[in-house]
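These features come from TrEMBL:
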- 13-173: domain '6-phosphogluconate dehydrogenase NADP-binding' (DOMAIN)
- 184-293: domain '3-hydroxyisobutyrate dehydrogenase-like NAD-binding' (DOMAIN)
- LYS187: active site (ACT_SITE)
Amino acid sequence: MTSASPSHEAPARVGWIGLGSMGNAMAKNIHAHLRSRHGASLLFHNRTASRGDALAALGGERCASVASLAAHCDVIFVSASDDAAVESIVGQIVSAERGAAGKIVVDTTTIHPDTTRAVAETLRARGARFAAAPVFGATPVAERGELLVVFAGPRDLYGAIAPMLEGVIARKVLRVGEEPEKATLLKTIGNFVTVGLMEVIAEAHVLAEKTGLGAEALEQLLALNYGTVAHSISTRMTTGVYMPGRGEAPWSDLNLAIKDVGHGVDSARRAGVSLDVGSAALAHLERARAYSEANGQRPLDSSSLYGIVRQDSGLDFRTDHVKERDQ
């Protein structure tokens, strides 16, 4: 790994921490952008080193630790699993040998707005600039570079990282002010819209199946009258994505969905707001996790609440399509 500091004229050195399914996809797209525009490589670190093998094969530069990456980067993107992971990463950045002063840290993780606020304060106190940039979209959308990024952070910071967002990892960037916690709050609220759609569409499919209407007509209606998001959720149910085949990864991990929706329920409670649909969906997600645990910890998609709605109506958790696929 190159250790020399960049010259004043050189492009910023960019690093990525966290290579889950979403993080890997975004990191690859930013690496490709850096290579094509500047001939530079993305530096990266992941706790499980093998997760970075594909990125290394593309020319990405592996760092042995968060501290090592932080020491060599001007801009650091973070894509972690939860609040504790983000807090740990930020702690390692500010404790690195060269410190955090002058660095830009951008967190794409969906975490509690209170955690975002605390992380921002920690980094600002050490002379770093911070923005929250959580994303909407499942792994296939991330791979295509078509996510929706919700951005909140200092106005001048946005100009420094905008070239790596829209047209690289995102189809669009929605800016919501300079307070980073506003981005994670909007992401949390947006998650309720998504999980609410999942709940309603799951119930609609079960009703269509039990009345003999069938899935095809309903799915056509969703596509023609309710837009691409509703149609995409529907196809995750009808094509079996809600319960991935053995050895396949979910598009949107169930456990992360429970974490995300749980943050929203907590934020609503603190604001004195009752979220009946969100709470019902969260209960279904938690029951789907129990189903997963009872079936050998089989990974499930966030849309697996569909299986619970099916069970509550006297149907099998698995559709006929899933049963045939898994034979």
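For all residues, glycine too, the Cβ spot is worked out from N, Cα and C.
Remember, TrEMBL labels are computer predictions, not curated facts.
Close to LYS187 (active site) in the fold, though at least 6 residues off in sequence, lie THR110, PRO134, VAL135, PHE136, VAL150, ASP260, each with a CB less than 8 Å from its CB. Per DSSP, the secondary structure of the domain '3-hydroxyisobutyrate dehydrogenase-like NAD-binding' (184-293) breaks down as 86 helix, 1 strand, 23 coil.
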